[in-house]
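Report on the structure given below.
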Amino acid sequence: MKKMNLAVCIATLMGTAGLMGTAVAADNLAEFHVQNQECDSCHTPDGELSNDSLTYENTQCVSCHGTLAEVAETTKHEHYNAHASHFPGEVACTSCHSAHEKSMVYCDSCHSFDFNMPYAKKWLRDEPTIAELAKDKSERQAALASAPHDTVDVVVVGSGGAGFSAAISATDSGAKVILIEKEPVIGGNAKLAAGGMNAAWTDQQKAKKITDSPELMFEDTMKGGQNINDPALVKVLSSHSKDSVDWMTAMGADLTDVGMMGGASVNRAHRPTGGAGVGAHVVQVLYDNAVKRNIDLRMNTRGIEVLKDDKGTVKGILVKGMYKGYYWVKADAVILATGGFAKNNERVAKLDPSLKGFISTNQPGAVGDGLDVAENAGGALKDMQYIQAHPTLSVKGGVMVTEAVRGNGAILVNREGKRFVNEITTRDKASAAILAQTGKSAYLIFDDSVRKSLSKIDKYIGLGVAPTADSLVKLGKMEGIDGKALTETVARYNSLVSSGKDTDFERPNLPRALNEGNYYAIEVTPGVHHTMGGVMIDTKAEVMNAKKQVIPGLYGAGEVTGGVHGANRLGGNAISDIITFGRLAGEEAAKYSKKN
């Protein structure tokens, strides 16, 4: 097939789209392409779609236009490049581009940039809920009356950090696994995590002479969660956190940098060298290892109903593919790793009315499907009222700014140019403090020394959300901050750094003075970030009912579960949670399958 330069293609699209009556007038990409290609240029010879992941169709896109990396070279923008994706895995062309209907830019589900994609419409997530899908009685009954489409040992629902960890762990324990994902991209919320992976008494800490222990991590986690956490689950998290770091490292992860996150007594947030975002890196490593193991990954496929026999034992799961429709998979065990519900503001607001209308830092699939599936299977929910806001979501562009920026030395100031909080306090306290300021927002202020300490910051600068100036007065004028007061505030902060003690707000770490090179400001406001409540599990990741009885063959891991974090999650504990309990769920599900 002749390879078409994408820059030429886009120029043609932009120059002709909407000019009805011309040779290339079209309402969608299929109409545009058919004037230069035949239908079988995209589709299989029989005219059918290859699968729900659209594997063949995406291969055809690449054969014509090139890989995502190649396309990115021809679509550069001053601040952002939609094709230079920060997503891990192999991002499919059809994640954004549709053929026979209007396309939607997946980036718009989180960001507020103008990507101006040809033949596109405004982003809209309008999928039926699990309850609404129950109305598809005839289709569901027909699928269940048929023979199982597949027979495996374990089905994992959700391809975030917990799901991939579970799938790999189960596979390595001898199980045959199918991993399903309802979104067109992998990674869940894990791919967006930037701060670090908390773990205690690791080799990486020892190399930096950091004294830590599982007991101290346990204490910090319980305190951060207001002692509402399930102590047994927290003990699993803290005592196995080192093993999780070792497991990821053995698979190729770089977790050599160790920083501090809010609520931690010592530096225990592990991340790549130079302070790069941990989430996308971890998910990429997990994805690569899943590919090596030939794990069956099915995109655009929703887990709909856990199927049980007359004794209440799991026998499989009903799924719905975007194109294949309903079918069921026979399996001894099902692992729910579907994440939380922070993107579902209707659900969030019912549980915490104070968060009504808040935007969220989460990926669009985090609406609570797994909770509904678990409840319908008899699983109990706990701690649902505890919902966390992340304090630093950029007002411009909707970018979540990692806590590590504060951990590495940035300060928070209000429009009056004054500090108002210990910058690395727990997220609930920092969020409340920001909302109490003028305009319900604040500014992260830092210099080039902080920027150089954390490579993730260059991404924010590149996205245009971190204006810069060579003086604090100029920066203040640019951002509407009192420049004189800001200058005095930074001078005061630098004096506290020199003294080694923050007598103003009792910030426990003062890593560096802010006096090198240029200064930067990011306006931030809290956004709904993490839902601490979820499915009740035991220390084997087994889902339990309201009587705390195990549902045989049903497991849960990650943000879909409740009990680990209590009333408030500490930064850095999410990645540790999903890897630790994902591994555990996979191992236990594989063991269970062998016995049954």
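Glycine residues also receive a Cβ, built from the backbone N, Cα and C atoms like all the rest.
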One of Asp108, Asp246, Asp369, Asp470 listed by Swiss-Prot as binding FAD at the site of Ala162, Glu181, Asn189, Ala194, Gly195, Gly196, Gly303, His530, Glu559, Ala574, Ile575: Asp369
Site co-member for heme c 3 according to Swiss-Prot, given Cys93, Cys96, His97, Tyr386, out of His83, His86: His83
Per Swiss-Prot, Cys61, Cys64, His65 bind heme c 2; matching candidate in His33, His100: His33
Cys61 (heme c 2 binding site) versus binding-site residues Cys96, His97, His111, Gly195 - nearest by Cα: His97
Other CB atoms within 10 A, centred on Cys93 (heme c 3 binding site): 21
Same-chain residues at least 6 apart in sequence whose Cβ lies under 8 Å from Gly303 (FAD binding site): Val155, Val157, Gly158, Ile180, Lys182, Ile317, Leu318, Val319, Val334, Leu336, Thr338, Asp369, Gly370, Val373
Residue from Cys64, His86, His111 whose C-alpha is spatially nearest that of Tyr386 (heme c 3 binding site), among the binding-site residues: His111
Between His65 (heme c 2 binding site) and Cys93 (heme c 3 binding site): CA-CA distance (Å): 10
Site diameter for heme c 2, Å, by largest Cα distance between His33, Cys61, Cys64, His65: 12
Nearest of the binding-site residues (His97, Cys107, Ala162, Asn189, Ala574) to Cys64 (heme c 2 binding site) - Cα to Cα: His97
For His111 (heme c 4 binding site): intrachain residues, at least 6 apart, with Cβ closer than 8 Å: Gly397, Gly398, Val399
